[in-house]
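Visitor: Sharing a structure below in structure tokens format, with a few things to ask.
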Amino acid sequence: MYEKRGGFVEKQFTHIESGRAHMVDISEKCEVPRLARAAGEIMLSGETIEKIRTGNVEKGNVLATARVAAVLAIKKTPDIIPMCHQIPITAIDVDFEIDKGMISAEVKVRTVGKTGVEMEALTGVSAALLTIWDMVKSVEKDESGNYPHTSIQNIRVLEKLKG
């Protein structure tokens, strides 16, 4: 929604009405094909990257587990994002790229629905990266129990399509 004030167009929050949060009514919107792609990275030590690459992580297959976590998180997005509509997910793709010192995750989500799936894609990327961190934290920790090389960065929507 937009409101014109003093010649400027001001964007308004659609989830806030008279100071209280509410779920936006999408009942009048048409169902159309929608797609969203999101991505992010986790920075890891070289030792950890090598263990993931060679399958030598004590907890198991890191990327397979992260892929499942992304799918589960996408399906549960309305349970953790309060004003997110529950929409039918028709397809999910989760891809990883291992590079020097980092793993990139990209999630693509499709639906035929009344609202977009960017929150689902962002939730999937976040869960995948958090799962990678959880799977390798014993290797990433330093002597004092901190994570000097580990960080999750640059979570973002790459693309959103409608129609």
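Cβ coordinates are placed from backbone N, Cα and C, and glycine is handled just like the others.
TrEMBL: automatically predicted annotations, no manual curation.
OK, TrEMBL features for this one:
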| type | residues | note |
| --- | --- | --- |
| ACT_SITE | ASP134 | active site |
| BINDING | MET83, CYS84, HIS85, MET119, GLU120 | substrate binding site |
| DOMAIN | 23-163 | domain 'Molybdopterin cofactor biosynthesis C (MoaC)' |
Visitor: Among all protein chains shown, how many Cβ atoms are found within 10 Å of the Cβ of ASP134 (active site), not counting that one?
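Guide: A 10 Å sphere around the Cβ of ASP134 (active site) contains 14 other Cβ atoms.
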Visitor: Taking only the residues in the domain 'Molybdopterin cofactor biosynthesis C (MoaC)' (23-163), give me the average pLDDT of this model.
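Guide: Here the mean pLDDT over the domain 'Molybdopterin cofactor biosynthesis C (MoaC)' (23-163) amounts to 96.
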Visitor: If we count other C-beta atoms within 10 Å, could you say which of the binding-site residues MET83, CYS84, MET119 has the fewest?
Guide: MET83
Visitor: Measuring Cα to Cα, tell me the gap between CYS84 (substrate binding site) and ASP134 (active site) in whole angstrom.
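Guide: A Cα-Cα distance of 26 Å.
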Visitor: Compute the C-alpha separation of the residue listed as 'active site' from GLU120 (substrate binding site), stating it in Å without decimals.
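Guide: The Cα atom of the residue listed as 'active site' is 21 Å away from the Cα atom of GLU120 (substrate binding site).
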Visitor: Taking the Cβ of GLU120 (substrate binding site) as reference, which residues of that chain separated by at least 6 in sequence fall under 8 Å from it?
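Guide: Result: ALA36, ILE74, THR77, CYS84, ILE87, ILE89, VAL109.
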Visitor: Record lists MET83, CYS84, HIS85, MET119, GLU120 as binding substrate; longest Cα-Cα distance in Å?
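Guide: If we measure all Cα pairs in MET83, CYS84, HIS85, MET119, GLU120, the largest is 12 Å.
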Visitor: As a quick check of your reading of DSSP, tell me how many residues in the domain 'Molybdopterin cofactor biosynthesis C (MoaC)' (23-163) are helical, how many are strand and how many are coil.
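Guide: Counts, helix then strand then coil: 51 helix, 47 strand, 43 coil.
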